[in-house]
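Participant: This structure is in C-alpha cells; I'll ask about it shortly.
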Amino acid sequence: MLSNSDSKHGQKAYWCVVSGSDLWLVDGQLPLATSNELNLVAEKAQKIGSYNNHPVMWLNEADVEQSLEMHSLRECLHFPEPLFLLMSKAIQYGHMTQTMRFCPQCGGRNHLNHNQLAMQCGECRTLHYPRIFPCIIVAVRKQQHILLAQHPRHRSGMYTVIAGFVEVGETLEQCVAREVKEETGIEVTNIRYFGSQPWAFPSSMMMAFLADYHAGELKPDYSELADAKWFTSDNLPPVAPTGTIARALIEQTLLNMRSDS
C-alpha cells in the first residue's frame, strides 16, 4: 500500500479510482500523479500492480471527498492492454468490497485484507476472494459465413458472437455447444480454444473459442437475442469494438475465411 510518506517523497502513481464499472479519467487518461497532487488519501489506497515503472493504485470513489468525473471502463478499450487489465482488476476489487460486506458462512462483517486482497470475516476469519464467473464466447463459421447475433441491450445495432455462462458440471466445450444450440438452434463441431480476457462487467472471465457449423437451421431464441444471421466478409454489420475478445474472434474468423477462399 502506498503510504503518505511515499507521496511526500514525490512518488507518482497511476490512480484507478472506481465506482461500479466506472473509473476516474482526466482528459481521457488515467491520472498519473502523487496522492497529494490529486488530493487523495493514500492510506485508503491499495497497490494492485505496476505500469511503466509506476505503481498502479486502486481506490474506491466512496473514499474520495471531491467530486470526480467518472467514465465507463468500456471507454478505455483502446488503452494499452497491460494498463487496461490493471484497470479491470481495480474495478473487480471495488466490486468485491461493495458486494461482499458480510460473511456468507456466519454473517459477520467483512473487511479488506490488504495482504491477501480478499474480504475477511471479523468473526470467523474466513477469507472471501473476488468472485470470478466463467463464460464462453465463440465465433461460429459456416464455409464463407460467420454467425453474428444482436442482443436487445445493443441499441447501436452492434452484432457480436455468441456468449454465455458456464453451468455447474459442464466442460467449456460442452458449454460452447449448449449455448450455441440454445440461442441459435444450430449444432457446432471442431471446437477449439482461442484465448481469454478478463471482463469486469462486473467479474467475468471470457474464454474464447472457434467452432464450425455442423447441423441445424438457424432459429434465434428471441427471448435472448434480438437477431442472429450468417454474414459474409463483405456485408458485415457494426461489430464489437477493437480491444474486446469478441472483435478478435471475428477478425480471426474473417482471416481464416480469406485464407480458405
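In case you wondered, yes, glycine gets a Cβ from its N, Cα and C as well.
Annotations for this protein, taken from Swiss-Prot, read as follows:
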- CYS103, CYS106, CYS121, CYS124: Zn(2+) binding site (BINDING)
- ALA163, GLU183, GLU224: divalent metal cation 1 binding site (BINDING)
- GLU179: divalent metal cation 2 binding site (BINDING)
- 130-253: domain 'Nudix hydrolase' (DOMAIN)
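For each listed feature, how buried is it and what is near it?
Facilitator: Of all Cβ atoms in the protein chains displayed, 21 besides its own lie within 10 Å of the Cβ of CYS121 (Zn(2+) binding site).
Secondary structure from DSSP puts ALA163 (divalent metal cation 1 binding site) in a beta strand.
The 10 Å shell around the Cβ of GLU179 (divalent metal cation 2 binding site) contains 22 further Cβ atoms across the protein chains shown.
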Participant: What is the pLDDT of the domain 'Nudix hydrolase' (130-253) when averaged and given as a whole number?
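Facilitator: Averaging the confidence scores along the domain 'Nudix hydrolase' (130-253) gives 95.
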Participant: Using all protein chains in view, find how many other C-beta atoms are within 10 Å of the C-beta of GLU224 (divalent metal cation 1 binding site).
Facilitator: 16
Participant: Using the centroid of the Cβ atoms of CYS103, CYS106, CYS121, CYS124 as reference, list every other same-chain residue with Cβ within 8 Å of it (recorded Zn(2+) site), in sequence order.
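Facilitator: Here the nearby residues are GLN105, GLY107, GLY108, ASN110, GLY122, GLU123, ARG125, THR126.
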Participant: Rounded to a whole angstrom, what is the C-alpha distance between GLU183 (divalent metal cation 1 binding site) and CYS103 (Zn(2+) binding site)?
Facilitator: 36
